[in-house]
Amino acid sequence: MLLVSRTQSRLAHSLLLLKPSAAHSFRYLTDMASEGGKSFARRDRLREIEVKVQKWWEEKEVFRAEPGDVNPKPGEKFFGNFPFPYMNGYLHLGHAFSLSKLEFAAAFHRLRGANVLLPFAFHCTGMPIKASADKLAREIRNFGDPPVFPTQIEDEEQQQEDEPSGDGAPPDKFKGKKSKAAAKSTGQVYQWEIMRSVGISDAEISKFQDPYKWLSYFPPLAVEDLKAFGLGCDWRRSFITTDMNPYFDSFVRWQMRKLKSMGKVVKDVRYTIFSPLDGQPCADHDRASGEGVQPQEYTIIKMEVVTPFPEKFKVLEGKKVFLAAATLRPETMYGQTNAWVLPDGKYGAFEISDSEVLILAHRAALNLAYQNHSRVPEKPSCLLELTGRDLIGLPLKSPLSFNEVLYALPMLSILMDKGTGIVTSVPSDAPDDYMALHDLKAKPAFREKFGVKDEWVLPFEVVPIIDIPQFGNKCAETVCLQMKIKSQNDKEKLAEAKKQTYLKGFTEGTMIVGEFSGRKVQEAKPLIRTKLLETGQAIVYSEPEKRVMSRSGDECVVALTDQWYLTYGESEWQKLAEECLANMSLYSDETRHGFEHTLSWLNQWACSRSFGLGTRIPWDEQFLVESLSDSTIYMAYYTVAHHLQNGDMYGSSDSAIKPQQLTDDVWDYIFCDGPYPKSTDISSSLLDRMKREFEYWYPFDLRVSGKDLIQNHLTFCIYNHTAIMAKHHWPRGFRCNGHIMLNSEKMSKSTGNFRTLRQAIEEFSADATRFSLADAGDGVDDANFVFETANAAILRLTKEIAWYEDNLAAESSMRTGPPSTYADRVFANEINIAVKTTEQNYSNYMFREALKTGFYDLQTARDEYRFSCGVGGYNRDLVWRFMDVQTRLLAPICPHYAEFIWRELLKKDGFVVNAGWPTADDPDLTLKSANKYLQDSIVTMRKLLQKQLSGSKKGNKKGPPVSSLTESKVTGLIYINEQFDGWKAECLSILQNKFDRDTQTFAPDSEILEALQQSSVGQSSNFKQIQKLCMPFLRFKKEEAIALGTQALDLRLPFGEIEVLKENLDLIKRQIGLEDVEILSAADPDSFARAGKLATLLNQNPPSPGNPTAIFLTQ
């Protein structure tokens, strides 16, 4: 019973530190948390604290940002921002995750004493809101107000059960189901149902037919949620976009005029992803899917159908009819042997002019119609519906082919959603073509199945056209034989063969036929393509690289559009963007590579739209500025927004400045160091204040964003700043993150795995939500918000509050004076380590690591201190220091909790959010190592005791077996050897000689082994046996030296092991549950004799530096 009673006594001692009333309070909260999750007392306590703290902040305007009197030195100010969210709904945890990175960074800089500006605005530009409003209007027009959608008759009771409360609050969670109306009719989700699902009442929904209702409804709710989240924002500077805000509208007009005056905006005809339903280009933010997809350009080879036409084609007589084969390799057309069609594919014969007809897939015809290749612009004109079977056997004349006539043949692997559905066959250089032709020739039954005549296939042989080193002049045949590809069904092998031949053909191939024979393929390809286009034997065709769906619900095409473009990619502008990027902090190699890649391909960007909300192009008001083009330098607008808008995000309040006073000269003066605007009637003092604000805060120090915006918004931000701003105002840093998952699954409304920010705060509290967001992850890979972590945070934070209350109440019983015991010194050192490492983690914006070092590790150190103190108890000053430091270190992540402790419990003045970073002495790494040695030794002793007394090969982790200790007294003998000797000492000496301290590297293993063989150890007769021990020891010590430094190769540890263990003998006794423990030197013969008959254990496991050996004697 000895160990049980001692364990109970340790628990009893820790409870003695609690006053009865406080202990009762703690037990009450603990009980409340254990009622199977049914009680929310702890969470509600946190939420009450949050409301109280937010009121304190608001009353004292803690987050109001004002510029200093002089320009700040590095580190004295921090301006961070976040891409303004789109206001067609509530903010969700995806927004909160990215935003939390900025919030934690800003809070850290504020805590360190920097002057911090964190503003926030709301994006309403573009088509999604307008499209949703129009969709809602159509539903009301078609189905009534409120609408009655087509659906099966529902049981009245069930219908009532499913109706929302109509109180305007968002639901507890998003259901993973479509509405009944949607699910039981066409499968479409109605806009009315979407509005209802987020808690908007039926009485309110019809008002959202007006798109500006969205702008007045959702931004104020977002402000409420962000305030509840504890965002340290200067809300005076908030604004919405679009012409609803006349001040921001003026700012965007100035920006566009300035870019145009610099030649950065031009009107041009280009291929653009386009929404036929919206009648305008569909940029990334206008897409429901397909973000980042670009137009893919092909060459359509016009393969003329030879007359006379088959009977089914009689309607086409009098016109030139072509199969339209899309290719990326026009230089290979010399080697055509046939065309491929999909037997069951659906095709059409489409008029592209009065005299010409192209046969191709309907989807491709729609793309062509938007590229000026249709008799009726933007409307495909189909004269005849066809299937692939109708095309098989058609005789064709194809440009450049050495075969005078070739035929359309069946291929089963053609994709109708890629290209035109017609493929021209070049078996000399295309492995797929080679194997398909091979199969047709080798399988009469296959030919018979599709009515293919022998003369359409058998006479056609591979035509050599390109010579490729390594593969010869029939590369497809060569590679297929080398890879032992048996048929066209070997998809994986064919894909690899295609990769090899296409790459080698382009980079190393030489033309051996035609006008450009002898020239490299790279040179000949554009020349051959140009010739085909100029002679009318081919046309340019473009389509989206992948499927793109607009937010209006239609599939996008590629259109040739005449509109306004920003000239991204222009060489001189690109050089400036690359210079800006090179000097920015990006915190990740992957992020930098993403920007470099984007800058390498990004070209002209369509910046005008004809549909949606926004600012009009000032010189061409039929167009709007698209949503990614009015959001590139608006960070500068934050610096003056409060002067213009008087704290009203809509810019509708009375202000000392009117929108019409904001001329281009005024904007130039503020942001571009232009001359003072002579004609302005704005007061000079106000103008100078705005200019001063901009000069003080700019450039911004950090912009936090999801990594998906690298390919557009963030790169546009760089481009526009380099064009408009002076070099010293270019952006300083971007920090990009991945998406967030919920409980290891993709966040999705359709599956129900979704939380709005409001729901998360209501479910977990703001600080527990923030805690879990910090814990979710920091890199550019997707992070994971775990509900269990948020719930555990509720428990941890409330228990910590109770611990603070209990120990503050009991402080009069604590020891006073400076830290005096070993446990005191270790705890004080752990606090210093936490201060230093957490500061570094926050500085690197590694918030998960900051949470670990500033909270988890410090909690572990505190708990270890509690166990180590023994009967002497806590040191009062050290406990106060812990409470002060712990509160500050956690303040950026859990500010409400920290503020409550700071003001209510610690009774400190001011606010913790700007209290200053705690000071700390340099960590004593030797003491840390000594303590780790102590703790590891105790664990080892406990396991050895269990093993020895139970006879078990594995120790019982739960504690020593009680039954073996009830009858006998047990004495523990701990043997120490403080210096390596024998072969280990020789190994360390060799490693010391073979270690380069400048490069922190070792000589090659072969050199180390040779030195070992030549040493005294190597000359011994039993070297082979010793060598088996030496090699793992050498490996271990090499790794340790690289990680810790050369001290790992010393013969002794940097502290006295016997001294550490003797100083903590009382702790050891309590931890392993023995009253009699001795610390002995293995070098002392008398000590060795004490082991008695268990001396064999010492011989089997002799102690070495860092590894004591414990034996236990029973009497």
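Each Cβ is built from the backbone N, Cα and C atoms, and glycine gets one as well.
Just so you know, TrEMBL annotations are computer predictions that nobody has curated.
Note that this is a predicted model, so its numbers are computed, not measured.
The feature domain 'Aminoacyl-tRNA synthetase class Ia' is assigned by TrEMBL to 53-135 (among others). Summarised as a single figure, the pLDDT of the domain 'Aminoacyl-tRNA synthetase class Ia' (53-135) averages 95.
For 155-165, the entry in TrEMBL reads compositional bias 'Acidic residues'.
Summarising the annotation, TrEMBL assigns region 'Disordered' to 155-180.
As annotated by TrEMBL, domain 'Aminoacyl-tRNA synthetase class Ia' applies to 219-784 (among others).
Summarising the annotation, TrEMBL assigns domain 'Methionyl/Valyl/Leucyl/Isoleucyl-tRNA synthetase anticodon-binding' to 824-946.
For the domain 'Leucine--tRNA ligase RagD-binding' (978-1053), DSSP puts the residue distribution at 52 helix, 4 strand, 20 coil. Marked as domain 'Leucine--tRNA ligase RagD-binding' by TrEMBL: 978-1053.
Ranked by the number of CB pairs under 8 Å to the domain 'Aminoacyl-tRNA synthetase class Ia' (219-784), the listed stretches 53-135, 824-946, 978-1053 are led by 53-135. Taking H, G and I as helix, E and B as strand and the rest as coil, DSSP gives the domain 'Aminoacyl-tRNA synthetase class Ia' (53-135) the counts 35 helix, 13 strand, 35 coil.
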